[in-house]
Amino acid sequence: MKNKKIDNKKKKSHLPTRLNLLFFVVFLLFSGLVLRLGVVQIVQGKEFKRQVEMTDVESVNFSVPRGEMYDNDYTKIVYNVPQKAITYTPPKHPQPKDLLKVAKDLAPYIQMPEEDIKKVRERDLKDIWLLENDNGDELVTKEEKEKYKDKEIYQLKLDRVTEEHTKTIDKNVAAIYGKIYNATALTPTIIKNEGVTDMEYAMISENLGDLPGVDVTTDWQRAYTYDDTFKGILGSVKPGLPEEKVDYYKAKGYSLNDRVGYTYLESYLEDILQGTKTKVRTVTNKQGEVVEQEIVSEGKSGKDVVLTIDMEFQAKVEQIIKEEILNAIPYPNNNYLNKAFAVVLNPKTGEVLSMAGKQYDEKERTWSDFASGTFTAAFEPGSVVKGATVLMGYQDGAIYPGTVLRDEVMFLPGGNTIRSAGRSMGPINDIKALERSSNVYMAKIVYAMAGDTYVPRKSMNWNYLNLVEKMRSYYAQFGLGTTTGIGFDNEAIGVQNDPDNPGKLLYFSFGQFDTYTTLQLAQYVATIANDGYRMKPMLVKEIREPNPEDDELGPIIEEFSPTVLNRVDVKKDWLERVQRGFYQVVNGSQGTARNYFKNVPVTVAGKTGTAESYVWDEKLRKGVKTYNINFVGYAPYDDPEIAFAIVVPNVYNSGGPSLPYNISARIGERVVEAYYETKEEKQNQNNDANGEGQEETEDNENNDANGDTVTDNNEATRQEVEDGE
Amino acid sequence: MEDEKKDVDRFDWTLAFILFLFLVVSLIAISSAQTHGQYAGNFVIQQVVWYGVGAFIIAVAMLFEPDQYKKLSWILYGFGIFILVFLHFAPESIAEPRNGAKSWFTIPKVGTIQPSEFMKIFLILALSRVISDHHQNYKLKTLKTEFWLLGKLILTTLPPLGMIMLQPDLGTGLVIIAIAAGMMLVSGITWKIIVPVFSVIMSVGAAIILIMIYFPEWVESFIPQYQLARIYSWLDPYSYSSHEGYQLVTSLQAIGSGEIFGKGYMDKEVYVSDRHTDFIFSVIGEEFGFIGASIVICIFFLLIYHLIKVALDANSPFDSYVCAGIIAMTTFHVFQNVGMTIQLLPITGIPLPFISYGGSSLMGNMLAMGIVFSIKFYHKKFMFSTNTED
């Protein structure tokens, strides 16, 4: 017991001190808590309160003006016209009732366009009626309310709202309501931008205070210098993201109602034309009302692009196509002809100078632009490909320049015959074969490639599936049956079927098997004109900084230089023989196009081509055999400036007289004529302009004409440097 | 009649009143916390039930005298360790891991039980026993005996600490360490040992934190990614986007925007996750402001003050040590829990004692209070005797 007492005392000696110390530590810790609480709640309290009450929303404001497009001599062809617009920015949590009030307040000031009013459906009117009438409470009985779910009750109410009810609702209000109902919170949405009158604009500007969320601003719209010319390729711009690309564009920061390029150039150049949007930070309070808006980053207009197209020339080409189709239709048996295509390239650079396709609706007597058909629609080319076939023959060692083969009627096993148009030509060489368009010469090249010689009706034991692939790879060097490099996603490369017998390869050699697009044919003839260098077709020449002052172009950001896709693997003199053959087609005494290109100021080389094609006749309910009349060519013969392909499908049907002239060669002739006419006009204009301008042009032309000038300059510089030393 | 009156006098009414205050605070806070409509059940009623069960536990705990706890301490400690080991190896059907930690037994129809909540109390008892036994055995204090006491305390602490860190449950692990540290302080070990040991531990801890901040690549292989994330989201919750970072930001916004007077009961605006459990303090801070939050902290301080008084009055050193352990435990819980809601400490999943919703935590704390009640209840008898002896 005593021990215990001592023990206790001993412990007591340290325990109270230590316990008090513990208590002191606790006191310190708790004081720390209270101190920190004071900092958070008293010192920083205001800031946290602000944070809680305000929500920052980074929203993207209006898009900046879209980049504009110029043609190859810097004429503005696609541009923006400003137009007045009335917008509405909904609060963070828009309530239908509030939105309807805005619509009603706004209605006296603006009249919505007819098409928007037409879009108002009966259902929309019913929704509005219900909103206005206590949610239509009196339309349903108490029992029904208990019996049905909310959704069903609303449907019941909708059913019971009659036209008697809705007829008093102003359609104008409904149209405005429809616009603002679909608006995204905090994002300005256009209510009306077409045909906003000065009166409307002024009235709303004056009453902005009474119209929360409503604003007047300047919007823009696309305009076209040449109206519908080339519009198919220029493409379209529409508000609202295309459905299949919503995710793609949203990831890039677009909002749902943004305007984007929908087709062809507008879509293809979207990233360049779009520009950077003005970013606006919107701060809202708890009620979702906008407290402040400030511009975070000023947007940048989209960049301008300069195209390679010559719009004046393009307009002429389109006109020629239209006229020639209208000329040809009245001829007998020509009731399936309704479209034609033309592509004109600069063979040396691949620049697309014109790309035209027109389709005629005979019933409606209207034209639609089908320029995209030059690379989306493929047709059997016929004999125009023979240049490639002859070069293939040389490359494969099947023939040599000057090889003579006999043009005769060929009897294939199975009873088919192959012959050239007209009477058999007898022994002919390669140039003659091109001039007179011998099918038999081409077919015999294929025989030689197969390691076989033609014997009438001898069966053809060829590895023809391999051979057809080999032929295709030769043709592909010219762009035939492959992508041309134009860059559009929906470019067609043509139909490439497996042949079911070796005989098909013979037809293939003169263009009656695979199908090609007009652009492919143009690239093919350009490759021959350009000494075997296949150039990538270019539609865009330059990208330029936008210039707010409209008169001048902004500085160049990027200039595209011509791209060689590949070089056809042939000797120069082989190519020259084919070029010679093409020359003979137009200029030779027996040339298939000798009656054309008489009126043009330069020497033209080219190749005609006719292929059978079938068209489905809806009335007869059967396929009708028609002909594709095609032409490829280039000019001038010795120093080509242009290469072109003309495709006119379904020209006349068999079983009657054919069209008494070659429609494609005629179109080709007029296209070449138009090209030089345009060129001359421009030169005259420049000459007329002023002396200085004239000099400049001449200088430029010198530089362009030959590289010698450049070399000379270099030498001169070098000389100077040497002198300096 | 006299005996009854005596019993009434012996009962610790002050402590009961403090607990009643906690009940009121808890019910107010929980009832408001659940109004976001985020939970299916009504936690207020359940918390009342838990308090009822807690009262029952206190009643049962008061049946035992402190001496009996001393005798039972090793058995309870062994039992606690056994349960923790069993939990570790238990099939997932009865011990389903939550948030990656296997800390709970799932009992059908009752709910879940967290054994570590009880282990804390058993550890306090065991450590108290170690200290009092030691002082009984070694009357003469030398540096050697003091080291030996320290060693024993550490050895006793390590098994439960290891089992809890295995779950893994860093929060409760830290509580265990806090208990051990608090009891070392009161155990009477000389400053010559305590000061160096505590300084070393604190500098190592501080060094680890600093390394994690400035040279994370040094420790990335030793420290799990989520622990690093915890530190980073504590230091810069606005730019470190993680669940915890967001939770901290919302908690700060809630408490901060409460300002001095608060927004009033049920008038909170900010949504903080885990609001009825670990982040219950954000409700108090937001709705009752600096004043309300300080009052709640004062109630805790009152509790600690009361416990210190009980410890000082206690006639057996064992009782004092138990009180000290409970003080250390409660203090750490409050400091860590409140601290994490106001960015004073990183977020760890520990509840605010008596206030947060949750059965196990409340049971554990009530058991601790039950022991305090018992100390106080059986105290006066001895006090008379000591008084007479003195």
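Using N, Cα and C of the backbone, Cβ positions are placed for all residues, glycine too.
So that you can see what the record holds, here are the features copied from TrEMBL:
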TRANSMEM  B:12-31  transmembrane segment
TRANSMEM  B:43-64  transmembrane segment
TRANSMEM  B:71-90  transmembrane segment
TRANSMEM  B:110-127  transmembrane segment
TRANSMEM  B:147-164  transmembrane segment
TRANSMEM  B:170-186  transmembrane segment
TRANSMEM  B:193-215  transmembrane segment
TRANSMEM  B:288-308  transmembrane segment
TRANSMEM  B:320-342  transmembrane segment
TRANSMEM  B:354-375  transmembrane segment
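Against the transmembrane segment (B:354-375), stretch B:110-127 has more CB pairs under 8 A than any other of B:71-90, B:110-127, B:193-215, B:288-308.
Sequence-distant contacts of the transmembrane segment (B:110-127) (same chain, at least 6 residues past either end, Cβ-Cβ under 8 Å): 69-70, 72-74, 76-77, 79-81, 83-84, 87, 103-104, 153, 156-157, 160, 163-164, 167, 169, 172, 175-176, 179-180, 183, 321-322, 325-326, 329, 359-361, 363-364, 367-368, 371.
Tallying C-beta pairs under 8 angstroms between the transmembrane segment (B:320-342) and each of B:12-31, B:170-186, B:193-215 places B:170-186 first.
Of the Cβ pairs linking the transmembrane segment (B:12-31) with the transmembrane segment (B:288-308) and spaced 6 or more residues apart, 3 or more are under 8 Å, so the two regions touch. Residues of the same chain lying 6 or more positions beyond the ends of the transmembrane segment (B:147-164) and with a Cβ under 8 Å from any Cβ of it are 77, 80-81, 84-85, 87-88, 103, 116, 119, 122-123, 126-127, 130-131, 134, 138, 172-173, 176-177, 179-180, 183-184, 187, 189, 193, 197. Within the same chain, residues 64, 102-103, 105, 115-116, 118-119, 121-123, 125-126, 128-129, 156, 159-160, 163-164, 166-167 sit at least 6 positions outside the transmembrane segment (B:71-90) and bring their C-beta atoms closer than 8 Å to a C-beta of that stretch.
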